[in-house]
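Worksheet for the structure shown next.
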Amino acid sequence: MAEKQAGLAGEPNPDCTVTAKAGPEVSSPGTSESRDYDSNCVFCRVAAGQEPETELLYCENKDLVCFKDIKPAALHHYLVVPKKHIGSCKDLNKDHIEMVESMVTVGKTILERNNFTDFTDVRMGFHVPPFCSVSHLHLHVIAPAKEFGFLSRVVYRRDSYWFITGDYLLEKLRK
């Protein structure tokens, strides 16, 4: 029981509550129902260029932005964020699969642009509510993972109750 709760079995946590929702709750690509911008959201302001102290890194995707994490867990720690406001990975549905795939691609590209190519030593994933520091969907791109201190190994633990990889999220959205 404790092994399952702590996610020590090495398998994705089957109790993770990220599910493929039937319809949009916060934002859905191409709908007028989406709340594209939240002035109270720091990541919305960063994406809109309203936080001049945050340097946006080159990103080839017009719907995403990328910038360095303010509390890096390793030498390379970037955040890939959709420009449209989406609360968290729990707000996603099948319509968001392409966006999540693009976020992962942008993450890999930013690492390559910064001369990091050992993708066996990379941690990419999303925090699951209520463990999100900012309520705006963001992909953590962190390398090298072998540099993690004790706390970072806990905070960014793969497929735990609080942090899931992009691959795990995509698997859940496709079901």
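Every residue gets a Cβ built from N, Cα and C, even glycine.
Marked as region 'Disordered' by Swiss-Prot: 1-35.
Swiss-Prot lists Ala2 with the feature N-acetylalanine.
The domain 'HIT' annotation in Swiss-Prot covers 33-144.
Per Swiss-Prot, AMP binding site is recorded for Asp69, Ile70, His138, Leu139, His140. A simple way to gauge crowding: the CB of His140 (AMP binding site) has 21 other CB atoms within 10 angstroms, across all the protein chains here.
Same-chain residues lying 6+ beyond the ends of the motif 'Histidine triad motif' (136-140) with a Cβ under 8 Å from its Cβ atoms: 38, 41-44, 69, 73, 77-82, 85-89, 91-92, 100, 103-104, 107, 123-127, 156, 163, 166. Among the features that Swiss-Prot reports, motif 'Histidine triad motif' is placed at 136-140.
Residue environment of His138 (AMP binding site) contains 26 other Cβ atoms, counted within 10 Å of its Cβ in all protein chains. Residues or ranges marked as active site, tele-AMP-histidine intermediate in Swiss-Prot: His138.
Cβ crowding, taken as the number of other Cβ atoms within 10 Å, peaks at Leu139 among the binding-site residues Ile70, Leu139. Take the mean position of the Cβ atoms of Asp69, Ile70, His138, Leu139, His140, the recorded AMP site; other residues of that chain with a Cβ within 8 Å of it are His77, Tyr78, Leu79, Val80, Val81, Val141. If you draw a 10 Å sphere around the CB of Asp69 (AMP binding site), it holds 16 other CB atoms from the protein chains shown.
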